[in-house]
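K.L.:
Okay, here's the structure, questions in a sec.
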């Protein structure tokens, strides 16, 4: 399994969980390939030492490298964590241009060196569009093998509802994150189910506060990452690492019967009127390492407006990014 880059906070929080079997199973030996830029190799050596010192029985080998031909060779799974962050004074199109270059290179490396069955998770923002660029740069790998992380937003939505109702987070299921991993995403509770002290009820009935669910709940989830940065002066590394583990574990082992999770996946052929050729977050069920969008959910006018707005942002991002893809 590949993780790149490795020396940031998210990857550092993630490595232990993967290496001890929380993602791919307690009986699955793991070879970790850690890819980073050349100046970070001395730091990477320190990470390797720590992994060795954990004495984890499933961890068979750790391969630190700055070479894509080593990093991407014969992969079963790849987690692409890093991207170019937006810097002060940087225009949005400049951010997209920088990230197109990164994810085009990584997509081409996947195409050239990885297994065609590789499962690729893109975390680095703008995650949806970066994921699309990576998939377009690896044309022989099925589009369905690429996904981007909206599980952190999904977990945030579950937690907000659970805290509001006063139940554990695992008593809330089937929330949905529609669209982009950005401030336009739409956290949707219209189909959520809450186990309220042994009685299953709809999310709206359990919360019993429609104005909150259509107002502060949505903005809280949309802006949670910024709120963590403001409070902590650092990004949400621990919760992001947990969400990555959740996402990859569900790909490997599937979702429970009757439950879905949110995942940014290829939109072509969806039943919800979302434009084709985007990586858009839908509710998905997973079986045999294959996701399927949950069809047939009723969409009211409120939801439709939110879903269309985030789709429009993704179309704009995609169209801008594609102008740089051939450059």
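Cβ from N, Cα, C; glycine included.
Here TrEMBL flags 181 as active site, proton acceptor. The NAD(+) binding site annotation in TrEMBL covers 36, 99, 123, 124, 125. Annotation comment: TrEMBL describes 86, 92, 125, 156 as substrate binding site. Annotation comment: TrEMBL describes 7-146 as domain 'Lactate/malate dehydrogenase N-terminal'. According to TrEMBL, the domain 'Lactate/malate dehydrogenase C-terminal' annotation covers 150-324.
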K.L.:
Among the binding-site residues 92, 99, 125, 156, report those whose Cα falls within 10 Å of that of residue 181 (active site, proton acceptor); none is a fine answer.
P.N.:
125
K.L.:
At its widest, how many Å does the recorded NAD(+) site span between Cα atoms of 36, 99, 123, 124, 125?
P.N.:
17
K.L.:
Provide the number of Cβ atoms within 10 Å of the Cβ of residue 92 (substrate binding site), excluding the reference atom itself.
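P.N.:
12, counting other Cβ atoms within 10 Å of residue 92 (substrate binding site).
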K.L.:
Taking the Cβ of residue 99 (NAD(+) binding site) as reference, which residues of that chain separated by at least 6 in sequence fall under 8 Å from it?
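P.N.:
Residues satisfying the criterion: 83, 84, 124, 126, 129, 130, 133, 321.
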K.L.:
What are the helix, strand and coil residue counts for the domain 'Lactate/malate dehydrogenase N-terminal' (7-146) according to DSSP?
P.N.:
66 helix, 22 strand, 52 coil
K.L.:
Express the predicted model's confidence over the domain 'Lactate/malate dehydrogenase C-terminal' (150-324) as a mean pLDDT, rounded to an integer.
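P.N.:
That region's mean pLDDT is 97.
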K.L.:
Compare the Cα of residue 92 (substrate binding site) against each of the binding-site residues 36, 123, 125 and report the nearest.
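P.N.:
Going through 36, 123, 125 one by one, the closest to residue 92 (substrate binding site) is 125.
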K.L.:
How long is the line from the C-alpha of residue 156 (substrate binding site) to the C-alpha of residue 125 (NAD(+) binding site), rounded to the nearest angstrom?
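P.N.:
Distance between the two Cα atoms comes out at 18 Å.
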K.L.:
Restricting to the chain of residue 36 (NAD(+) binding site) and a gap of 6 or more, list residues whose Cβ falls under 8 Å of its Cβ, or answer none.
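P.N.:
When sequence neighbours closer than 6 are ignored, residue 36 (NAD(+) binding site) has 4, 5, 6, 7, 43, 44, 64, 66 within Cβ distance under 8 Å.
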K.L.:
Using all protein chains shown, find which of the recorded positions 156, 181 scores highest when you count other CB atoms within 10 A of its CB.
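P.N.:
Max Cβ neighbours within 10 Å, all protein chains included: 181.
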